[in-house]
Amino acid sequence: MLATQQIFLIASLLCFLVYLALVSAGSQSLRGMRAMRAAALLGLLGNLLYAFGRELPTLLGYEIANMAYSGAGAALAAGYRQLSGRQAHVRTLALLVAAVGILTVVFHDWFDSFMLRSAVVSLFQAGICIDIAHSVLAGRGEQQRRSHGQVHLQGPGQQHVQRFVLLMCVLVAGGHGVRMLFLLIAANPPTSLLQPSTASLAILTVAALALPALTLGGLLTLHRHIVYQAEYIANHDHLTGAWSRKAFFEIAERETTRARHRRQPLALMLIDLDHFKAINDSAGHEAGDIALQLVATSARETLRAVDCIARLGGDEFAVLLPGADLARASAVGKALAEALRAVTSTMPAAQRRLTLSIGATVTLDGEPFKTTLARADSALYAAKSAGRDQVIALAPPLHVVRPASKVSASR
């Protein structure tokens, strides 16, 4: 069986390896990265001090060791909070670490009690695990809300990481609880971390390896965030935040297949920003960029979570409306145009002129998506030819199901 000192040294090595992996990952700007690195370094320091506690001065072997280990737990909690989008509450965590340090001194120098020292550390570490678990669960709920109806680019990997972290939190919090129970009921409870005992060694192994394991979970979570950022950049238009052209056609094929299998309608809208070239020429490209962003913003405020908007290029956007028929698509197109008008009503003249030409259609069961796209393009061309600033809808038989209707009477 491994000796207590060897367990702490192994934990120190694992913390060091995780730290190297965190450094190699880069992305200093990623929320939670610095906190995770600090946790790995403090864990390395704390485990080394625990390992050589008998050979070191009391200040290092007890007080500094406990504060370093507690600081590592606090840094982990801050890191997971930041990864889940919560506030880190660094000051509160720092005060808790200071309290652990003070109580460690009190229960060593003034009232020597290994049990009370262990109780302080165990309660703190169990609380840290509960907070980390809460952060993971909160982050999972937020991801589900943001991704409702969207294409999951992260895949199942992130869920496995979250389950791993939650399992470690349960094991560590439970391990500290068992440790306290053992100290209370044992006939000859240990009086030092380094005192050999089969039961205490088993509990200590879980506690010592928990920190590098939770730090590893943070590393894996950070890695998934980095991958997600890269995928987001690759699949979204950098100016408007809408889906990219490539991603849109991939989504369209999946939605077309899903609609066919579920026997549900699927509507497609093609949108052009009217007189976009004139806006660029008269007000500059910055005004043109703002106009495109306003279109995307208005669309996100108008569309459902299950709908998909993409920028196909220039001033042309495409919108997929799962479960929507032709009448619904026409209504959404008008609502989008009205939303854009409301947003731009108080803006400079270059933006107040913003209107949309929209062509809408629905998929025909069995037809390739490119045929649906061509029909929507014909509807868009008809809307522009009829004077712009309107929605025209074409049914699959390629006839206009409703006359061109002006979205606005103003010109």
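Backbone N, Cα and C define each Cβ position, glycine as well.
All annotation found in TrEMBL is predicted automatically rather than curated by experts.
According to TrEMBL, the feature transmembrane segment maps to 6-23 (among others).
What TrEMBL records for 59-78 (among others) is transmembrane segment.
Sequence annotations record features per position, and here TrEMBL assigns transmembrane segment to 90-108 (among others).
According to TrEMBL, the transmembrane segment annotation covers 114-137 (among others). For the transmembrane segment (114-137), same-chain residues at least 6 beyond its ends with a Cβ under 8 Å from one of its own Cβ atoms are 62, 66, 69-70, 73-74, 76-77, 80-81, 83-84, 86, 96, 100, 103-104, 107-108, 162, 165-166, 168-170, 172-173, 176-177, 179-180, 183-184, 189-192, 207, 210, 214.
Sequence-distant contacts of the transmembrane segment (164-187), counting only residues of its own chain at least 6 positions beyond either end whose CB sits under 8 Å from a CB of the stretch, comprise 80, 115, 118-119, 122-123, 125-126, 129-130, 132-133, 136-137, 199-200, 203-204, 206-207, 210, 213-214, 217-218, 220-221. Here TrEMBL flags 164-187 (among others) as transmembrane segment.
Residues annotated as transmembrane segment in TrEMBL: 199-222 (among others).
Helix, strand and coil residue tallies for the domain 'GGDEF' (264-396), in that order: 66 helix, 33 strand, 34 coil [DSSP]. TrEMBL lists 264-396 with the feature domain 'GGDEF'.
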Q: Take the transmembrane segment (59-78) and find every residue of the same chain, 6 or more past its ends, with a Cβ under 8 Å from one of its Cβ atoms.
A: 15, 32, 35-36, 38-43, 45-47, 49-50, 52-53, 88-90, 93-94, 96-98, 100-101, 104-105, 108, 117, 121, 124-125, 128, 131-132, 135, 211, 214-215, 218
**Q.** Integer average pLDDT (0 to 100) for the domain 'GGDEF' (264-396)
**A.** 90
Q: Please indicate, using numbers and ranges, the residues of the same chain that are 6 or more beyond the transmembrane segment (199-222) and have a C-beta under 8 Å from a C-beta there.
A: 1-2, 4, 7-8, 10-11, 14-15, 17-18, 21-22, 25, 27, 30, 32-33, 36, 39-40, 43, 46-47, 50, 69, 72-73, 76, 79-80, 83, 125, 129, 132, 158, 161-162, 164-165, 168-169, 171-172, 175-176, 178-179, 182, 186, 190, 193
